[in-house]
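So the structure is just underneath, and the comments pick up after that.
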Amino acid sequence: MERLLGGAGPALHPERRPRRGHKGSDGRRGLPSAQEPAPEVACARSSPAPGTMPRRLQPRGAGTKGTTAAAPGATRRSHPAVPEAPPASAKLLLRWDEVPDDFVECFILSGYRRLPCTAQECLASVLKPTNETLNFWTHFIPLLLFLSKFCRLFFLSGRDVPFHHPWLLPLWCYASGVLLTFAMSCTAHVFSCLSLRLRAAFFYLDYASISYYGFGSTVAYYYYLLPGLSLLDASVMTPYVQQRLGWHVDCTRLIAAYRELVLPVAFVLAVACTVACCKSRTDWCAYPFALRTFVFIMPLSMACPIMLESWLFDLRGENPTLFVHFYRRYFWLVVAAFFNVSKIPERIQPGLFDIIGHSHQLFHIFTFLSIYDQVYYVEEGLRQFLQAPPAAPTFSGTVGYMLLLVVCLGLVIRKFLNNTDFCSKKRALPNYKGEIHCYQGISVHLEL
């Protein structure tokens with residue numbers, strides 16, 4: 001350095017200002033301590049007054065004009081400029097305070113991609129260590145596994161029933177829901193940094209695909225699982241109720257009414273859940289993860305007859321595959337809901353699990369396990385259905401319902417996209433001890 005300066009002028013002190021993220025002895029991040037002398041640099045800069053925003057958060061042109069005017073007679077020296085940190089747009093990964101509020105996840109401090117990214121950059125990011133990388137892979141790998149599983153069920157099962165037979169229509173509805181859910185989740189996590197509007201659109205589609213999957217599951221239950229339950233057989237339930245209660249109650253009408261209402265009620269729940277989840281991305285919702293978890297538990301109530309069957313009758317002895325996989329599936333769902341709502345482990349140690357091990361990745365893994373168990377008992381229900389099939393499922397009662405649901409969910413998403421104002425809001429944070437407010441309404445206190 002002395003050779004570059006030609007031996008003239010004051011020598012550059014080897015110490016520099018603390019880097020961004022480094023704390024001085026006074027606890028402030030990125031600023032020299034008030035008790036410590038400022039490092040002697042060839043190009044000395046005046047230290048900002050306490051409470052002043054950092055240079056990168058100040059409006060353009062507002063950082064140096066006042067200083068220049070304050071010393072009009074100062075002589076200018078020609079020295080090498082101190083290199084500044086690259087702008088956020090040039091960085092590959094950003095911190096939580098360098099991205100719009102809508103991008104910040106609770107307790108995730110780093111690993112954010114810049115906005116906007118190109119589609120090529122989004123695709124390339126799945127091989128880089130960002131906080132979305134494992135969110136993608138924890139659903140892309142299950143997508144390939146389920147695609148292989150359903151191809152074997154439809155085309156390589158060795159059954160005499162062709163893949164286009166009406167008996168397999170409920171399985172097509174269910175398979176489309178499973179595959180669409182994983183595909184939309186992968187798409188949302190990869191391309192969420194194209195723009196704010198596209199980010200919202202992708203996650204709206206993600207919520208809609210989950211509702212679509214929930215309704216597809218109900219269609220498969222309705223045709224493959226519910227007909228085999230003693231609970232929905234009037235010839236079994238009528239004497240059972242009479243023996244237990246001592247009353248003569250004809251259960252035929254109640255069971256018939258339930259069968260008529262299952263699919264319409266599940267349809268309404270699917271649309272209502274999508275509306276609630278889309279609204280959870282607006283400012284009025286303080287705890288969106290809890291809301292989304294709750295509303296997606298509601299369609300699971302369509303499986304209540306299976307649970308009641310296990311309590312009232314010997315389901316374990318009559319159908320052990322259904323019993324084991326059904327309860328194990330709900331165990332995985334409870335674990336997944338716990339991680340999704342609690343934000344553990346990143347809540348305990350913010351910043352440590354930004355790339356690997358945060359709660360959303362665990363949520364993906366346990367939801368995959370729950371659907372994996374569900375596929376097994378749906379397949380077992382299909383096998384029993386084909387042994388003694390009742391009336392064949394109709395196109396309108398299966399695919400027709402699914403197509404109508406797609407139209408309704410599309411209208412819901414369009415309404416929210418048209419009524420939402422997408423603007424990039426950045427935080428203006430002081431350079432002293434402050435508070436991180438994430439858009440989910442949960443706050444983390446950190447030393448800045």
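Cβ coordinates come from backbone N, Cα and C, glycine included.
Per TrEMBL, region 'Disordered' is recorded for 1-85.
Positions annotated as compositional bias 'Low complexity' by TrEMBL: 61-75.
Residues annotated as transmembrane segment in TrEMBL: 136-155 (among others).
Sequence-remote contacts of a segment are chain residues at least 6 beyond its ends whose Cβ falls under 8 Å from one of its Cβ atoms, and for the transmembrane segment (167-191) they are 119, 122-123, 125-126, 132, 135-136, 139-140, 142-143, 146-147, 150, 153-154, 161, 198, 202-203, 205-206, 208-210, 212-217, 219-220, 222-224, 364, 371, 375, 378, 382, 385-386, 389, 392-393, 395, 398-399, 401-402. Feature annotation from TrEMBL assigns transmembrane segment to 167-191 (among others).
Annotated Zn(2+) binding site per TrEMBL: His189, His360, His364, in sequence order. His364 (Zn(2+) binding site) has a Cβ environment of 24 other Cβ atoms inside 10 Å.
Among residues of the same chain six or more beyond the transmembrane segment (203-224), those with a C-beta under 8 A of the stretch's C-beta atoms are 170-171, 173-178, 180-181, 183-185, 187-188, 192, 259, 262-263, 266-267, 269-271, 273-274, 277-278, 281, 292, 296, 299-300, 302-303, 306, 374, 378, 381-382, 384-385, 393, 398, 401-402, 405-406, 409-410, 412-413, 416-417. Per TrEMBL, transmembrane segment is recorded for 203-224 (among others).
Summarising the annotation, TrEMBL assigns transmembrane segment to 261-277 (among others).
Look at TrEMBL and you will find 289-308 (among others) tagged as transmembrane segment. Counting only same-chain residues 6+ beyond the ends of the transmembrane segment (289-308), those with a CB under 8 A from a CB of the stretch are 207, 210-211, 214-215, 217-218, 221, 225-226, 229, 231-232, 262, 265-266, 269-270, 272-273, 276-277, 280, 315, 322, 326, 330, 333, 337, 340-341, 343, 440.
Cβ atoms under 8 Å from those of the transmembrane segment (398-417) belong to residues 169-170, 172-173, 176, 197, 200-201, 204-205, 208, 211-212, 215-216, 219, 223, 263, 267, 270-271, 274-275, 278-279 of the same chain, restricted to positions at least 6 beyond its ends. The transmembrane segment annotation in TrEMBL covers 398-417 (among others).
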Inset, instruction - Please work out which residue of His189, His360 has the most C-beta neighbours within 10 angstroms of its C-beta, and give that one of the binding-site residues. - result: His189
Legend entry - Neighbours of His189, His360, His364 excl. site residues, C-beta within 8 Å of centre, Zn(2+): Glu132, Leu134, Asn135, Phe136, Thr138, His139, Ser185, Gln361, Phe363
